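S.K.: Got a structure for you, written out below as structure tokens; questions coming shortly.
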Amino acid sequence: MNIHEYQGKEVLRKYGVAVPEGKVAFTADEAVKAAEALSSSVYVVKAQIHAGGRGKAGGVKIAKSKEEVKAYAEELLGKTLVTHQTGPDGQQIKRLLIEEGCDIKKEYYVGLVLDRATSRIVLMASEEGGTEIEEVAEKTPEKIVKEVIDPAVGLQSYQARKIAFAINIPKELVGQAVKFMMGLYKAFTEKDCSIAEINPLVVTGDGKVMALDAKLNFDSNALYRQKDILEYRDLDEEDPKEIEASKYDLSYISLDGNIGCMVNGAGLAMSTMDIIKHYGGEPANFLDVGGGATAEKVTEAFKIILSDQNVKGIFVNIFGGIMKCDVIAEGVVEATKQVGLTLPLVVRLEGTNVDLGKKILDDSGLNITSAESMADGAQKIVSLVK
């Protein structure tokens, strides 16, 4: 689950991580009141959306008066901001962070991520702050330093000091930087984060180390024990189809193609998308119905897939282990009737009760194309949507 920058800073502040003073605003008048509450003569007006690249897209403004704060707020609120992370449709700005301006002396990058190679949390940092860390990793990977953290003991202060010296934090501020990183790690672990990025971490002219920006993502599987974090959820920033899918315990991610996919199991779902692309098609979604799908779940999955206007055909690829093929077949038939499906539909069933499942499809009298294998199914749906 993603949260807004200002919410991330609220979380970090509780762990002793230094952040600029700021307030959220939903209207231009609220923006002015927020500026009046800050003891600063320079203000930063920042669009709050769940995407990076806001600065380059014009979503971050520097105001030198409260009149400018109001003008920028009126300009940004309601505007659709398009960044490299939003996609071409962009995201509408519905709230702003009004923050005190900082005298920035130097920018750095600090982040915590889960590293699959080591199965541990890794602290990453770079002297190249303020730019996309992916660009740094691609062009100058030697400028990124890492510390692998032992989960038995957690981040140690000597590791944080090592990082601080490696990215050339001024010696007199290393103590502050260590405190910053230790607090960031504590927030990461206690709040079940999957990513915590500070870009940039800044050293200010008056000798402070603070987070100028903060990106925190959380493990959705752990939200049952993070009620305070769950309250930060902003449904306006999420895909309506993904919200609807979550109501039925369906794992759905919207993509840019035109072939809707309904599969059981994340691995099979990814393989299905790969083989569709292999045969020249483009998947419209990732949709995992899980191991305990019912006819109702299958029907809702169809409705969600068809709510995407780009979908020109559907490929159902099921391997029945815990899930029975006849149950899926009944769900497919019921869903096809309920939604009045007119698009091409290819179904591949394999596993438990597969013969019964195929018989249900054949006896339905519906225009359903059966496939004998995943490759056969992918080829058929790709040819049908062309």
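Residue positions begin at 1 at the first shown residue.
Note: Cβ is positioned from N, Cα and C throughout, glycine not excepted.
Per Swiss-Prot, the features are:
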type	residues	note
BINDING	LYS46, GLY53, ARG54, GLY55, GLU99, CYS102, GLU107	ATP binding site
BINDING	ASN199, ASP213	Mg(2+) binding site
BINDING	ASN264, GLY321, ILE322, MET323	substrate binding site
DOMAIN	9-244	domain 'ATP-grasp'
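Please go over these features one by one and say how buried each is and what sits next to it.
M.R.: Under the three-state DSSP scheme, GLY55 (ATP binding site) falls in the coil class.
Close to ASN199 (Mg(2+) binding site) in the fold, though at least 6 residues off in sequence, lie TYR109, VAL110, GLY111, GLY129, GLY130, ILE133, ASP213, LYS215, each with a CB less than 8 Å from its CB. DSSP assigns ASN199 (Mg(2+) binding site) to a strand segment in the three-state reduction.
The average per-residue pLDDT of the prediction over the domain 'ATP-grasp' (9-244) is 93, rounded to a whole number.
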S.K.: Cβ distance under 8 Å to GLY321 (substrate binding site), same chain, sequence separation 6 or more: which residues?
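M.R.: Within the chain, GLY321 (substrate binding site) has Cβ neighbours under 8 Å at GLY291, GLY351, THR352.
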S.K.: Determine, to the nearest whole angstrom, how far the Cα atom of CYS102 (ATP binding site) is from the Cα atom of MET323 (substrate binding site).
M.R.: 57
S.K.: Between the binding-site residues ASN264, ILE322, MET323, which lies closest to GLU99 (ATP binding site), Cα to Cα?
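M.R.: If we rank ASN264, ILE322, MET323 by Cα distance to GLU99 (ATP binding site), first place goes to ASN264.
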S.K.: Non-local Cβ contacts of LYS46 (ATP binding site) (under 8 Å, 6 or more apart, same chain)?
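M.R.: For LYS46 (ATP binding site), the qualifying residues are GLU5, ARG54, GLY59, VAL60, LYS61, LEU96, LEU97, ILE98, GLU99.
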